[in-house]
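Here is the structure we will look at, set down as structure tokens.
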Amino acid sequence: MAPPPPSPSMAPPGLIHSAPGPPDTCALLPLPPAAPAAALAAAAAAGMSGPAAETPSAIQICRIMRPDDANVAGNVHGGTILKMIEEAGAIISTRHCNSQNGERCVAALARVERTDFLSPMCIGEVAHVSAEITYTSKHSVEVQVNVMSENILTGTKKLTNKATLWYVPLSLKNVDKVLEVPPVVYSRQEQEEEGRKRYEAQKLERMETKWRNGDIVQPVLNPEPNTVSYSQSSLIHLVGPSDCTLHGFVHGGVTMKLMDEVAGIVAARHCKTNIVTASVDAINFHDKIRKGCVITISGRMTFTSNKSMEIEVLVDADPVVDNSQKHYRAASAFFTYVSLSQEGKSLPVPQLVPETEDEKKRFEEGKGRYLQMKAKRQGHTESQP
């Protein structure tokens, strides 16, 4: 799932560009070395936090945002950012899982926890995607990813995204075989216990999501405005070599970008305005998608508040060149969008009109998720000094 090896024109570590090359050249940068003990002690005395004595390995990927990364409003497409997040996570987790002698493997994305889009990224800015391993179980790796945008004219930097991803190592000899993960060294005992709690929570949520995956988005003739059927959308995509890892299954980032595109179409159809991704609830990857499959990415509105809308996105795979395997659910997620004016100000969202009992049930479930997240944000704000 890692990108191809650097080209000769790629900048050396520590630089974005050091020689003429295309404007989208990526640089894989090591994070700065750990500060000396004296500096850490001084920082601690001043109330500042520094790197831990035993930090897991970390990487940073940088890339300048080009015009073909833009959405219709001119900012960077949310799916492009999700794809970069996944690439960084895939690199560091695959590297870690191959850090010891044993069977070679590639890390496959299993789940992405909630991802908030804190600030828009603009074309011409440099994206800094930092990834760090924070927990390992016997068969999975937790990776924390932060995305910063840098205006290279002014030097201004801002945090745009934070995400947590879970990967599992698949054998190169047999991609259906999950291998064991080398352990990481924690700087304090509490980190391992906190990570174990996050692992158990995401494992339970993935199981619950998979049980609900019998739903199918069906087209409706002549739907009424503001109904679920009116804005629901689907995209059909034939998986080609450029979508896949060297081992023949789809990059998680490619799937996430397609999911974001479909969710954006649903939101735009419902609002008839400019829309942007505000957050993504957990994305669960239930099964691998192989080269040659036809995938159907379907999106439908599930809930609207006054200023936001939740869209459920389902990814189904049809292995048309393999008669031995049936149509199956490959991934699912909930995306949250907001409606913006041409000046970039928040607009009221037309209220969704659920018609069927299933739609009403999904609306209430979406309302519950919305109220739960709203309460978490309020609690976080109140806890700030």
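Please read every residue number as a count from 1 along the shown chain.
Each Cβ is built from the backbone N, Cα and C atoms, and glycine gets one as well.
Heads up, TrEMBL stuff is auto-annotated, nobody curated it.
Since this is a predicted model, take the numbers as computed values, not measurements.
Listed in TrEMBL:
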ACT_SITE  ASN71  active site
ACT_SITE  ASP260  active site
COMPBIAS  358-368  compositional bias 'Basic and acidic residues'
DOMAIN    55-173  domain 'HotDog ACOT-type'
DOMAIN    229-343  domain 'HotDog ACOT-type'
REGION    355-385  region 'Disordered'
Length of the line joining the Cα atoms of ASN71 (active site) and ASP260 (active site), in Å: 11
Helix, strand and coil residues within the domain 'HotDog ACOT-type' (55-173) as assigned by DSSP: 23 helix, 58 strand, 38 coil
Counts by DSSP class (helix H/G/I, strand E/B, coil) across the domain 'HotDog ACOT-type' (229-343): 26 helix, 54 strand, 35 coil
For the active-site residues ASN71, ASP260, the one whose C-beta sees the most other C-beta atoms within 10 angstroms: ASP260
Residue counts (helix, strand, coil, in that order) that DSSP gives for the compositional bias 'Basic and acidic residues' (358-368): 11 helix, 0 strand, 0 coil
